[in-house]
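This report concerns only the one structure given below.
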Amino acid sequence: MNTLNSTITSEANLPEETRAQKYDDKPAETVIEEGRTVGKPLASDPKFKLRNVEVFYGEARAIKNISLDIGRNEVIAFIGPSGCGKSTFLRCLNRMNDSIDICRVKGSLQLDDQDIYDPKRDVVELRARVGMVFQKPNPFPKSIYDNVAYGPRIHGLANRKSDLDDIVESSLRKAGLWDEVKDRLDASATGMSGGQQQRLCIARAIAVSPEVVLMDEPCSALDPIATAKVEELIAELSASYTIVIVTHSMQQAARVSNRTAYFHLGHLVEVNDTTKVFTSPEHELTESYITGRFG
Amino acid sequence: MNTLNSTITSEANLPEETRAQKYDDKPAETVIEEGRTVGKPLASDPKFKLRNVEVFYGEARAIKNISLDIGRNEVIAFIGPSGCGKSTFLRCLNRMNDSIDICRVKGSLQLDDQDIYDPKRDVVELRARVGMVFQKPNPFPKSIYDNVAYGPRIHGLANRKSDLDDIVESSLRKAGLWDEVKDRLDASATGMSGGQQQRLCIARAIAVSPEVVLMDEPCSALDPIATAKVEELIAELSASYTIVIVTHSMQQAARVSNRTAYFHLGHLVEVNDTTKVFTSPEHELTESYITGRFG
Amino acid sequence: MQTANLLPLVLVLAVVAYGLAYMRSRAVAEPLGGIRNLKSLPFYYAARAALWSAIPALIVLALWASFEGKVIQNVVMGSLPADLAPQSEGQASLTLSQISNVAAGKLDPALVPEGIAGAAGLLDSLRAQSSQFKAILVLLITVLGAAFAWTRVMPHINARENVERTLRGIFFFCAAVAILTTIGIVFSVIFETVRFFGKVPISEFLFGTSWSPQTALRADQVGSDGAFGVIPLFTGTLMISAIALLVAVPIGLLSAVYLSEYATRPVRAVVKPLLEMLAGVPTVVYGFFAALTVAPFIRDVAELIGLEASSQSALAAGLVMGIMIIPFVSSLSDDVINAVPRALRDGSLALGATQSETMKNVIFPAALPGIMGGILLAASRAIGETMIVVMAAGLAANLTGNPLDSVTTVTVQIVTLLTGDQEFDSAKTLAAFALGMLLFIVTLILNVFALKIVRKYREQYD
Amino acid sequence: MTDQRSQAEIVRQSLKRRYRKERRFRFYGIAAIGVALLSLVILFTDIIGKGYTGFIKTTITLDVVLDGEVMYLQDAADPEQLDMADFQAPIIRALQQYFPEAQDRRDVRELSRLAGSYASNQVRDLLKAQPELLGTTQTLEFLAHDSVSVYVKHADNPSYSIRLSEQQQRWVDQLVADGVIDTAFNDVLFSRGDSREPSNAGILGAIVGSLLTMVVTLVIAFPVGVAAAIYLEEFAPQNRITDFIEVNINNLAAVPSIIFGLLGLAVFIGLFGMPRSVPVVGGLVLALMTLPTIIISSRAAIKSVPPSIREAAEGIGASKMQVVLHHVLPLAMPGMLTGSIIGMAQALGETAPLLLIGMVAFIVEVPDGFFSSATVLPVQIYLWAGSAEQGFVELASAGIMVLLTFLISMNALAIWLRKRLERRW
Amino acid sequence: RDTVNIVGSSTVYPFATVVAERFGRNTDFPTPKLESTGSGGGLKLFCAGIGTQHPDITNASRRMKKSEFELCQSNGVKEITEVKIGSDGIVIANSKKAEKMDLTLEQIFLALAKEVPDPKGGDKLVANPYKNWSDIDAGLPNKPISVMGPPPTSGTRDAFVEIAMEGGCKKYDFIAKIKGEDKSKYKSICHSMREDGPFIEAGENDNLIVQRLAQDTDTLGIFGYSFLMENEGQIQASTVNGVEPTPDTIAAEEYPVARSLFFYVKKAHVGVVPGIQEYVQEFTTEGAWGDNGYLVDVGLIPNPRDVRMQTAKNVKELKAMTGQEL
Ligand SMILES: Nc1ncnc2c1ncn2[C@@H]1O[C@H](COP(=O)(O)OP(=O)(O)OP(=O)(O)O)[C@@H](O)[C@H]1O
Ligand SMILES: Nc1ncnc2c1ncn2[C@@H]1O[C@H](COP(=O)(O)OP(=O)(O)OP(=O)(O)O)[C@@H](O)[C@H]1O
Ligand SMILES: [Mg+2]
Ligand SMILES: [Mg+2]
Ligand SMILES: O=P([O-])([O-])[O-]
């Protein structure tokens with residue numbers, strides 16, 4: 001442990017010129033070869049099969065020719081410096097990008113061998129299968145019960161009130177929130193603490209029994225205690241769901257994921273087992289990042 | 001290096017229960033003793049002398065009895081998990097909290113032995129001496145020149161147009177932006193890239209020759225290349241300014257600062273030389289944080 | 001059955017259709033293992049049934065109601081003996097009115113010709129038949145629509161799509177109302193405008209410097225020329241609006257600034273609605289105030305300093321109008337000033353700027369597009385105002401730059417021309433329409449410009 | 001370092017000047033608000049000063065002997081006789097009780113002009129309803145004649161002309177002293193339609209007309225405006241057509257209201273053949289006029305719904321329409337209501353377009369439906385303000401107060417609704 | 001439709017409303033609906049055709065014009081009954097605090113016309129040079145000419161121009177001569193009001209004029225007699241040609257600036273819309289328009305009795321106009 005830290009701090013002790021030099025000599029851009037990802041981007045029998053994905057915001061190319069497989073019941077973490085395209089890529093997986101007018105997606109994206117971007121594809125059904133949790137907790141300004149029940153209701157998942165009650169209870173239980181809120185299901189969700197809200201959002205997402213849960217920096221607005229609870233939850237969920245999590249905390253990635261993907265300026269630089277990425281990254285950009293030379 | 005990483009990943013490989021257990025056994029709150037900061041919070045002949053500072057948002061106490069000295073021409077980094085009060089504390093130093101209605105500050109805060117919160121104290125003059133750079137670059141929607149010239153103009157620092165030109169040029173040079181913009185000083189600042197905008201904001205801050213520059217996560221919205229440039233700039237400025245920087249990247253703290261302060265839920269847990277904090281933290285919360293057990 | 005009774009009945013049936021379809025969709029879902037196996041929620045099948053039963057029926061009802069009268073009228077008229085048969089359309093409407101007044105018992109049947117009394121009987125029976133038939137037809141359509149929807153409750157059919165598309169259509173139609181209104185406005189002034197330009201050359205109208213409907217009031221009164229130049233009207237409008245804006249913009253802006261930057265919360269909560277009341281006071285009140293208090297005062301002051309002033313002046317009207325439109329500027333500016341991102345404010349304050357410097361140099365320019373919007377709204381209200389001008393600035397179309405003179409505005413002329421002694425076919429009355437058209441075009445151009453400017457600004461910020 | 005020191009010095013020196021500017025700026029702000037509020041106060045004192053007497057009526061209470069002989073009425077149940085009878089006579093007799101000396105033709109005439117012209121009708125209606133009262137003595141309260149009312153209320157106000165003869169003034173003074181002539185709260189104002197006599201004129205017809213018109217306006221403008229805003233904000237593709245609609249809506253907000261009157265005249269009355277002077281047409285015209293305001297404010301309200309809520313719902317698999325109806329609409333509703341109330345307030349005070357569609361009419365009967373002739377409050381005020389009779393001046397001001405009360409309660413309603421519907425997130 | 005619809009002159013409106021209100025109160029018919037549209041506007045609506053959407057009666061503060069009659073004819077409004085209800089005096093008044101004026105038609109013309117005969121003599125017209133009353137006649141006060149009057153869109157203005165202005169104008173022989181040669185030139189001389197300030201167009205709100213006179217003692221106002229009657233406390237009328245405007249002098253046509261008031265009934269609607277005939281009858285009873293009728297109270301100047309009798313007779317028969325009399 002001390003070894004790494006000394007590396008970092010020794011770095012900090014370098015004279016300024018040398019530090020600056022390093023970036024200038026080797027501009028990050030030049031090192032990446034487009035479409036080439038080191039590590040293990042592919043999987044057999046994947047849940048998602050993504051090939052040559054490119055995403056444009058207007059003219060700007062935010063995702064540059066990325067190919068990746070995401071396996072069943074795996075927890076994959078996306079890491080990378082700010083603005084590298086993690087969120088953009090994640091949002092392709094359930095077509096949340098559709099609502100951004102200027103956003104165009106190219107390439108082949110398949111969920112269980114069906115094209116996600118097929119124009120005939122029903123987005124509503126897709127999103128029911130691929131749930132999402134956002135960076136900032138965003139509960140509806142309704143009661144706790146109604147928040148969780150909303151998805152099952154619009155998808156007709158419950159025939160009776162009691163069915164619905166069951167779904168709500170089990171979702172809240174899975175999200176580890178049941179004991180805290182079971183006495184005030186009618187209270188407004190906006191009165192909860194940030195961590196509770198985020199867990200509520202997770203409960204809401206899993207209430208429609210999705211196959212995949214996408215999480216975009218789910219803990220970045222939470223304090224350490226709340227973060228711990230959410231991470232705990234992710235670990236539990238990983239048994240039955242495929243989870244894709246974007247995080248800016250390498251430690252978090254290390255704690256929760258099986259595989260980690262490192263993004264850099266729109267490229268997918270490296271994907272590998274989490275242990276592998278953090279112990280012996282193959283690509284030098286990955287190494288620079290996880291050793292803290294930037295980010 | 002590998003040692004730490006293996007520590008992290010071995011952590012990730014623990015069975016879920018054990019991981020969860022760890023936080024529950026030792027709730028973060030109980031470990032901290034209020035007002036007690038380990039390490040070296042004090043300095044001789046400090047620029048800022050802050051004693052028993054408490055900050056309230058309405059009823060909520062966001063800063064809990066913090067005492068700290070900030071030396072002359074030192075670069076001090078504030079780190080800690082989200083919501084721990086870094087920004088709140090920083091904004092006390094130039095009374096930017098004044099504009100938040102419900103915010104109240106208690107304790108003694110002195111800049112060069114003069115009370116900052118003295119009701120008779122002139123905020124305008126204070127802020128001219130203690131400049132600030134924000135998380136999101138916030139250039140004024142004016143030309144690049146006007147952005148930098150704004151401060152000198154309102155303070156009447158230049159008697160002639162040529163004086164003003166000189167100030168603008170030297171500030172932009174210090175911010176390492178001169179070569180990139182010297183041909184388009186009349187272009188709108190909002191048309192620049194994020195990194196350029198942030199450096200422009202720094203140039204704007206130093207154009208009034210402050211004694212202290214406060215920076216609240218100045219790189220969190222920037223990509224790695226832009227971040228590198230800003231860090232380089234901080235290193236250069238540290239020769240003539242006192243710099244207080246809030247960052248969520250431990251690596252960044254390690255790279256740019258002389259001293260590091262670790263905040264946790266409103267407490268100042270530990271302050272020490274950066275090398276010391278990152279190599280052998282004294283407090284176990286600090287250790288947990290920098291080894292990535294949360295945050 | 002009366003349309004008034006039929007309408008609720010159709011709605012009730014639609015609700016019944018809703019209920020039935022809802023139950024059926026649940027029944028269909030039951031063997032499949034619950035409603036999750038339907039393509040859409042039962043609600044949507046039900047809503048579709050309600051829409052299908054109500055909408056066609058309502059359309060038929062509307063059509064029937066609009067043609068029923070004509071048809072019955074023709075039959076009744078046809079039944080009249082030859083000597084009573086109406087010669088003209090107006091006669092027809094009268095005869096019909098007479099018949100229906102008799103039928104309604106408001107006219108004594110003994111006092112009207114026998115044929116009319118007979119027709120009244122016929123009218124009664126026809127009306128009864130028609131409403132019976134209408135009721136049967138409409139109810140039939142309702143039931144058929146519901147029945148069809150019932151048969152279409154199938155698990156693989158996406159009823160949600162249907163319902164949502166219908167709703168979208170309705171929404172689109174509502175958005176189109178704005179366009180229809182514009183078309184309606186153009187339609188309602190265009191014919192008269194064309195006729196006006198048949199009498200007065202367009203160039204004279206646009207570039208003439210004298211406006212005097214007096215001299216051309218009636219063909220037999222005076223046949224003088226050059227009386228329809230709009231330039232004095234537009235300069236008058238411009239002058240009064242400019243004075244009003246000179247009052248309202250500084251007062252409104254400064255109030256807004258004070259309220260949003262300095263005032264405490266409770267002060268703001270009280271003062272803002274108080275200021276808004278200024279816009280709610282009827283303009284007649286302002287008119288009296290301007291004419292009886294402000295105008296004489298201005299004249300006295302002007303005479304005191306040796307200026308010649310009319311007892312009606314653009315200045316008086318403009319000042320009072322300015323007070324009236326203060327809230328448009330203050331409230332809207334207050335909103336946009338509050339909407340300026342905190343980051344900009346902080347950025348300036350952190351440099352050691354005072355609040356007023358921050359306001360003047362940073363916030364104000366950033367809020368400018370929104371403030372412009374408020375000012376534009378205030379200006380359009382000023383352009384459209386008539387009562388104050390009539391009372392305080394008069395009706396004399398002087399081409400003058402002196403605010404102490406009496407002037408008049410475009411809208412005032414439109415109102416006086418249309419509500420005063422009208423002269424069909426005379427250029428005078430038609431001129432009102434031409435003025436309306438011209439004003440419409442001018443505001444349209446202004447708005448296109450405003451949109452362009454705002455767009456341009458918006459690109460520059462953020 | 002020295003640089004910093006000297007700069008700090010310069011800053012300190014500039015401060016005095018800058019703080020002076022700051023204070024001046026603040027002062028301007030306060031002055032601006034002061035001017036605006038002062039105007040408001042002046043306007044309101046003016047209105048209330050002129051109008052409070054409008055809420056006072058002058059009554060004259062007499063013991064009337066319903067003598068058949070005097071009235072030439074033998075059988076009060078006979079409609080024919082009722083038509084021919086003279087109901088003024090018993091009132092004059094009752095007054096002569098106080099002034100027995102007034103017997104000649106001129107005196108009788110002057111005496112009869114103390115009670116308002118409805119007095120005889122009141123007697124007739126009483127007998128028509130209760131023929132058995134013929135021959136009894138009844139204590140009846142009549143409205144005083146307008147000139148009596150002006151005299152009683154404004155005798156010492158030089159801007160009113162007293163239209164009573166010396167003798168009448170003496171009589172009235174005595175009757176006031178006797179308590180026969182008295183003042184009371186003017187309930188007539190709130191219970192009757194318009195009249196040519198100020199003391200008989202009421203504002204109820206106009207209030208009901210305004211209500212009916214506003215109902216039509218609200219029922220049309222609110223749903224259409226909200227639906228249009230939803231379409232433009234949520235569904236419309238961003239293209240030239242949307243731009244065109246946007247310019248159009250902004251422009252309609254700027255079209256002088258009288259032009260909407262022309263539209264109503266040409267389209268609703270001319271093309272669709274709807275009747276003149278009815279609340280439906282007035283409501284339609286005003287609805288078209290307020291539509292742009294509602295659309296613009298509703299769009300702003302929709303825009304302010306945080307995208308995170310939208311994303312949350314979409315992320316669960318709600319369709320666009322569900323997102324809008326379940327989440328966006330409820331959250332935007334307070335803002336939409338505010339805009340609508342502002343629009344409605346404008347419509348409530350509008351006169352010009354109604355002039356053209358015939359809602360400026362003398363209508364005595366209180367309207368009983370959307371298709372019966374009616375006027376509205378601002379028109380009634382406008383009509384009264386233009387009438388020759390002195391009594392109408394105060395009535396017009398009283399009417400303005402009623403209108404303002406309407407406005408204030410509408411605003412209060414808006415604030416209350418907004419408070420109720422507002423949700424924090 | 002079962003309610004009588006009446007449109008037309010704002011001058012007749014106060015009288016017609018009083019009758020309508022009484023009519024509604026004393027009969028079982030609903031109170032007629034009255035709209036004040038101005039004489040011309042009323043005639044336009046009236047002549048637009050027959051049928052329920054068109055008005056039954058229109059009031060006018062001037063006689064129907066030939067062209068209007070023809071429009072009526074062409075739109076199928078064949079039979080129209082004209083009812084002359086009385087007269088209205090147009091007064092020129094000022095504040096009681098000021099000196100009472102004695103004017104002649106000639107002086108009025110000289111004070112208010114756009115062009116007047118050259119004061120230096122000769123048959124020549126010059127732009128109106130008079131600033132003060134005393135410029136016109138040394139006997140008049142030495143005060144600036146300042147007169148408020150109705151706008152050209154009002155019937156009162158029409159009447160004032162036709163009676164007072166033209167009356168003063170044609171006293172000049174050389175102008176009277178023009179009448180024979182070029183009628184329209186004659187009219188343009190006599191009917192044009194000056195636009196250089198002394199004459200102020202004050203809108204249609206006569207109350208406003210009255211209130212301003214009370215404040216502004218140098219100004220005269222032009223309006224109908226009923227406004228004078230209601231405000232005798234504050235304002236006084238000038239005499240014209242030495243005659244004071246009183247009901248008697250106006251009825252006797254001694255006061256020169258008076259005009260007749262009319263209404264027109266659409267015969268085709270009688271018997272269709274209930275109440276028309278009864279309303280007209282109410283209007284033409286002695287109790288209403290007679291010398292002691294209630295209309296006098298609101299300022300109507302009654303016709304001489306013989307005219308009333310004749311008119312009432314015509315009304316009973318609903319005698320139609322031929323168009324010749326116009
Ligand atoms: N709506 C948008 N319109 C235009 N450009 C966008 C939009 N959203 C993102 N971008 C751009 O796309 C790139 C990738 O953005 P993205 O949000 O995916 O980054 P990220 O890796 O999630 O960053 P962060 O860690 O800050 O969330 C960035 O350069 C960003 O500026
Ligand atoms: N304006 C405010 N009103 C009320 N509470 C506030 C306000 N600003 C911050 N807080 C609360 O004060 C605490 C400290 O917030 P602060 O912004 O200082 O944290 P931080 O360490 O800067 O976090 P981050 O890393 O997310 O920026 C938090 O609990 C936060 O919720
Ligand atoms: Mg992101
Ligand atoms: Mg912060
Ligand atoms: O309405 P007028 O009587 O002036 O035509």
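Along the chain as shown, residues are numbered 1 onward.
The backbone N, Cα and C atoms fix where each Cβ goes, glycine too.
Annotation source TrEMBL lists domain 'ABC transmembrane type-1' at C:234-450.
Residues or ranges marked as transmembrane segment by TrEMBL: C:45-67 (among others).
Same-chain neighbours of the transmembrane segment (C:133-150): 1, 3, 6, 9-10, 13-14, 16-17, 20-21, 24, 45, 48-49, 52-57, 60-61, 64-65, 68, counting only residues six or more beyond its ends whose CB sits under 8 Å from a CB of the stretch. Summarising the annotation, TrEMBL assigns transmembrane segment to C:133-150 (among others).
Under 8 Å from some Cβ of the transmembrane segment (C:170-191) lie the Cβ atoms of residues 433-434, 436-437, 440, all in the same chain and six or more residues away from its ends. Annotation comment: TrEMBL describes C:170-191 (among others) as transmembrane segment.
Taken from TrEMBL, the feature transmembrane segment applies to C:238-259 (among others). With a cut-off of 8 Å between Cβ atoms, the residues of this chain six or more beyond the transmembrane segment (C:238-259) that come close are 267-268, 271-272, 275, 314-315, 317-319, 321-331, 333-334, 337, 359, 364, 371, 374-375, 378-379, 382-383, 389, 393, 401, 403, 407, 409.
A Cβ distance under 8 Å defines the sequence-distant neighbours of the transmembrane segment (C:279-302), meaning residues of its chain 6+ beyond its ends; these are 308-313, 315-317, 319-321, 323-328, 385-388, 390-392, 404. Sequence annotations record features per position, and here TrEMBL assigns transmembrane segment to C:279-302 (among others).
For C:314-332 (among others), the entry in TrEMBL reads transmembrane segment. Same-chain residues lying 6 or more positions outside the transmembrane segment (C:314-332) and placing a CB less than 8 Å from one of its CB atoms are 236, 239-249, 251-253, 255-256, 259, 272, 275-279, 281, 283, 286, 289-291, 294-295, 298, 370-371, 373-375, 377-378, 381-382, 385, 388-389, 391-393, 403-407.
If you look up TrEMBL, you'll see C:362-379 (among others) marked as transmembrane segment.
Annotation source TrEMBL lists transmembrane segment at C:430-451 (among others). Outside the transmembrane segment (C:430-451) by six or more residues, the chain places 185-186, 189-190, 192-193, 195-197, 199-200, 205-206, 213, 228, 230, 233, 372-373, 376, 380, 383, 410-411, 413-414, 417-418 with a CB less than 8 A from a CB of the stretch.
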